[in-house]
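Participant: Structure incoming, see below.
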């Protein structure tokens, strides 16, 4: 044995596979205000103790590897390691636990959602000791959140820009999502905005395809914006999707939108990536553009109940990366969303301070300090009969987006927009008068339809439309 080996062995080095519990399971640890805290729902493989599984999660998402290495002695692992500080069984589930892990702040690059997620979820989800793993929540300490600029503008600044207060904003996704020419697309935008909507929207997969190149779409949409503004006296917007194959092309599209005088652009933040999203948010902040965020691909990540990342984590990450709107489900309609859980992450998007509330899926108290809030967007299979519930559930600081619920009106696009605007104004007025939207919603819509033929036609065509499916995508 060489002298070097003898010296290293003499101070406790021992090669071989690690027992993670010895180093990374620390139930006596008191969390610090500066720690990033994570709640993982874990399902260990048969025969793997929960403590070993929780410690493995902490190790593999911080300083650990599968064996002891010589270079461990060149740093202070105790300073930099993640710690599994608590484990609790999940009620009603066999062999499933919530593991709480604390990460020291120095593990993360300032202002980088990309680095934060790469560290916490980048590798550990493929660990063989775990049958399934889901990141349920993160606590972002103010010491870290203050290194992010967050939304380009936020809720209050957007309302001031639009001069619209005291009600939810109304939007519409142009359909069919693919296949329209730029001129016909612009025509649909104009008709919807003229009818009373605040926004129209590119669908998430509208980029720059052969049937409609992005520059042509931007030009015809800008014409529709200015014409509808002149006729209605209201500020209008269309979410021009700047998402592209490269960051350089994305920025070129955003610059062109600003030069046209458009008030808002859009990005698919999960498929486009957090680095691209943060770069676009910086540009929007510096140049007075609002930024609408679509969550395309989110269900691939968040829909399984036992494996993946819960959307509340993706929502927090978006608030840090930057966006003024983000799609957040509906509770009603065709897209999945449980009411209390949905309202939990809606509050995490909008509010400055959110208390821990396990009944709503909020595992940690979150203090955003002064970071601006994000408008939650409700969309997907909604129509005028849903308006009372949406107004009551989401409140004023939200965007209610009706695609088929506008363009599917039997009289055309503009009457569809009129029907939605009348229904919204009726619900807001009824609420302000003290009426119960949850109990009297249908009656409020029927009363309004008596003096709005557009709303009456919408009520008739969608009176029997419901989306009632049980969630079956569980492990």
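Positions of Cβ are set from backbone N, Cα and C atoms, glycine also.
The following feature annotations were taken from Swiss-Prot:
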- 3: N-acetylproline (MOD_RES)
- 14: N6,N6,N6-trimethyllysine (MOD_RES)
- 123, 173, 177, 295, 327, 379: substrate binding site (BINDING)
- 175: active site, proton acceptor (ACT_SITE)
- 201: N6-carboxylysine (MOD_RES)
- 201, 203, 204: Mg(2+) binding site (BINDING)
- 294: active site, proton acceptor (ACT_SITE)
Participant: So how many other Cβ atoms are close to the residue listed as 'N6-carboxylysine', meaning within 10 Å of its Cβ?
Facilitator: 29
Participant: Using C-alpha atoms, which one of the recorded positions 175, 201, 204 comes nearest to residue 123 (substrate binding site)?
Facilitator: 204
Participant: Closest to residue 201 (N6-carboxylysine): which of the recorded positions 173, 177, 294, 295, going by Cα position?
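Facilitator: Going through 173, 177, 294, 295 one by one, the Cα closest to that of residue 201 (N6-carboxylysine) is 173.
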Participant: Counting every protein chain present, what is the number of Cβ atoms, excluding its own, within 10 Å of the Cβ of residue 175 (active site, proton acceptor)?
Facilitator: 16
Participant: Any same-chain residues 6+ apart from residue 173 (substrate binding site) with CB under 8 Å of its CB? Would you list them in sequence order, or say none?
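Facilitator: Counting only residues 6 or more apart in sequence, the Cβ neighbours of residue 173 (substrate binding site) under 8 Å are 200, 201, 202, 203, 379, 401, 403.
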Participant: So of all those recorded positions, 204, 294, 295, 327, which one's Cα sits nearest to residue 175 (active site, proton acceptor)?
Facilitator: 204
Participant: 10 Å Cβ neighbour count around residue 123 (substrate binding site)?
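Facilitator: By my count, 11.
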Participant: Please state whether DSSP places residue 294 (active site, proton acceptor) in a helix, a strand or coil.
Facilitator: strand
Participant: Taking each of the binding-site residues 203, 204 in turn and counting other Cβ atoms within 10 Å of its Cβ, which one has the fewest?
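Facilitator: Each of the binding-site residues 203, 204 was scored by Cβ atoms within 10 Å; lowest is 203.
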Participant: If you draw a 10 Å sphere around the Cβ of residue 177 (substrate binding site), how many other Cβ atoms fall inside it, taking every protein chain shown into account?
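Facilitator: Around residue 177 (substrate binding site), other Cβ atoms within 10 Å: 14.
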Participant: Provide the number of Cβ atoms within 10 Å of the Cβ of residue 327 (substrate binding site), excluding the reference atom itself.
Facilitator: 22
